[in-house]
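According to TrEMBL, the features are:
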type	residues	note
DOMAIN	B:11-95	domain 'Manganese/iron superoxide dismutase N-terminal'
BINDING	B:35, B:87, B:169, B:173	Mn(2+) binding site
DOMAIN	B:102-203	domain 'Manganese/iron superoxide dismutase C-terminal'
């Protein structure tokens, strides 16, 4: 059987604020895979430990590795003044840098039930959701529908439009970060709808994944971001 | 099995030309059950619903694909129509005991247009591995030349003006149950063990005749 067994293990303690480290290589800042603040199996049964381990250790790690490679190549191209090479690298930077940005947010968007995963947002974000979407159920229904409708790979987002001061639901293709849909958009909650995010558990039934993922959405984190951006 | 490039207007879910377990161990029965039985079936069923009552109803699948591609500004039925076509083409691109190097005229043409079979193999592998997100890699024929093409999501060479000869599905659902994130392993397995060069040859003959 091709499926690997999952070793659920405690990741390093503490939630790192940033995953970047300064390496003395040509002066550019490269990135490392952020640790998850919970065990791989801690989001079960909503998301299986097997998926979490592969998603984090293989997919996100690959984005980090490839992003660092693209940044090194970019640095060289910039230093040489090679404009064509710089432009040619943009898609690798967007794919892999976007993948790193999006997944770093995603791990914080999730929490085990015993640490508040699934608990509805209180405070100002809860109020804003009711104002813009009628209710949390209304928001969930809208995001789930839009997430299910993404063709191919992508993400569905709850974002804050800082300029217009309102909440928005939007989708992005592939690993495009939310900011590619609008410079004033701040991501609050992103849900990965690439097949790798759910296939081993939910197979082709993306709507079932979208129904269940809400049970482990970390509204506390989303509220923190919202309150910070609203100041 | 002679693979015709034209799919009828009946929008049928045609079974692969082999039992669902026939490609094991290279592509599992479970994968075929989901990929053909659920994904491909859904594209066909949803296409039928989508064109019902519209001017596209009853039109040949290739007509719908070209029409709804709309020069890249995709109309809603494109995804289902193209994916229905792509998947039938994909099943017929494989066979039990397939893969390896072709022979005869096909090998000669690959050597002519890629310098060697190995160079073609590498280029096809690279295209399939670097199609970011969902999509397909193809061997295609245009202007009397073979070329490797990669396309995103549901796009196929028909809308790009060339004749598809061979394809590999690199949407994650095509390989995730058997290979998880290891797309390069899936591509190698496809090339070494699954490709139906007979299908490719007969499609090439059809393409040459259509171009004449």
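Keep in mind that glycine also has a Cβ here, set from the backbone N, Cα and C atoms.
Residues of the domain 'Manganese/iron superoxide dismutase C-terminal' (B:102-203) grouped by DSSP class, helix first, strand second and coil last, total 54 helix, 24 strand, 24 coil. Excluding B:35, B:87, B:169, B:173 themselves, the residues of that chain whose CB lies within 8 A of the CB mean position for the Mn(2+) site are, in sequence, B:36, B:39, B:40, B:90, B:171, B:174.
Residues within less than 8 Å, Cβ to Cβ, of residue B:87 (Mn(2+) binding site) and separated from it by at least 6 positions along the same chain comprise B:35, B:36, B:39, B:40, B:43, B:169. Packing around residue B:35 (Mn(2+) binding site) is summarised by its Cβ count: 27 other Cβ atoms lie within 10 angstroms of its Cβ, all protein chains included.
Counting neighbouring Cβ atoms within 10 Å of each of the binding-site residues (B:169, B:173), the lowest count belongs to B:173. Proximity to chain A (Cβ-Cβ distance under 8 Å) holds for the following binding-site residues out of B:87, B:169, B:173: B:173. Secondary structure at residue B:87 (Mn(2+) binding site), as computed by DSSP, is helix.
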